[in-house]
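Per TrEMBL, transmembrane segment is recorded for 76-96, 108-126, 146-164, 171-191, 255-273, 308-330, 342-362, 374-395, 407-430, 442-461, 509-527.
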């Protein structure tokens, strides 16, 4: 490429934030900000395309969706690819838990789920730097997908040694590699989101958000639920085999190798055969709006230092502390208690219809001037469900049978999970509705993505802290060896060598569950009312000073 081919621009449009966390809250759904971001981007895309049409001064032929099935299929496929590494990352904590890693190591691995919450930090750069001859979006899409494929191929050769090393799995190395996978997937998401706005015509740009939600969910399902089921020897022997074997149908290494090759081959085909801004009959070339990248970062700073926005961000960063133990630790505790990880993952399947219907139903109550009232009312119910989760974990060992767990046990878990989803989606939809209500329409994309970023971070950091604190809050004693203790790994090993055994007298998960609920109730009583009062602020209080 010649130096003149390198373009440095950006637009103010930011991307929605898709994040994956540990089991129970988002083993099945991916995003805390995706709904609104797509809608804003679609509106902006319509403005850009209408502007382009008026410049050309001619009427456009309505292409219809049939004329763009190829583009829609490509978008759907790219979003499916994006969901694969996210699903795999979500399955690793369950695999690690079955290998008895510490909760501090689980907390360290949870940083893997942070890149999708932080991608606003480098999204302007992805918009700004590209090779014009190769394509604005392909300049990032092609190299990031090649790197994703290479990382998967590398992992296919090394993941068994990383998980089955002497002593314990190499959690630091696993975290580094999967963090890079998540970072690359987040970067790919930025590029695909931007390309979706110009790949589809104005009449069909609404299908971009559909491709996003369906594709990411399908990819996550393949990389998480399907993989854990096919990797489980118990599941395969029970449902898929005539003769039982000691391993599942696929291994993590096989799965990584297959999808690594899919990434490499599909990326090559896209790089060679797909051009950006193709415009045939009835379509005119879209001229994308661009601005200085420095201006975008200044805009973000201007928004966040506004008093109302700053207060709202602080509330968002602390609102989910009360749910952190239930959301981050419960699934791992169930695996520790003997619940098969494949069965736990499959609980996400019957939740899909509920997750589709809930936003539709809840949006009827959040469409008015006070959407955060729904958030406030759902808050204490979600706290109580956290306590109910702790009771389920306590109850689990007592119902375990020789052949596994009875059907009524899974029914109770499924109903608990469904109740959790109702409370979670009530808060989520209400929060997104308020973001849409207060965002300055002049800079709506950047404004809403900033609020969604803070919302995601408000869920990530409490989950990491909750995982980190389980071990320090757990108390064990050495039984069978006089004078020994289990206060540290070295002392626990000495206890075992002396013929004793470390027995848990107080599980830190239960301590956390109670403490988190107390903190959550305090937040609801004092800060929750403050959040509701923000709805009374005038629209001018939410407008950025550069637009006043």
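Even glycines carry a Cβ here, placed using N, Cα and C.
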Going along the chain, which residues at least six beyond the ends of the transmembrane segment (255-273) come within the CB cut-off of under 8 Å? 74, 77, 81, 84, 88, 138, 141-142, 145-146, 148-153, 155-156, 159, 223, 227, 230-231
The transmembrane segment (171-191) and the transmembrane segment (108-126) contact flag, 3+ Cβ pairs under 8 angstroms: yes
Most CB pairs under 8 Å with the transmembrane segment (374-395): which of 76-96, 108-126, 146-164, 407-430, 509-527? 407-430
Name the range, of those listed as 108-126, 146-164, 342-362, 509-527, that has the largest tally of Cβ pairs under 8 Å with the transmembrane segment (407-430). 342-362
Of the listed stretches (76-96, 146-164, 342-362), which one yields the highest count of Cβ-Cβ distances below 8 Å with the transmembrane segment (108-126)? 76-96
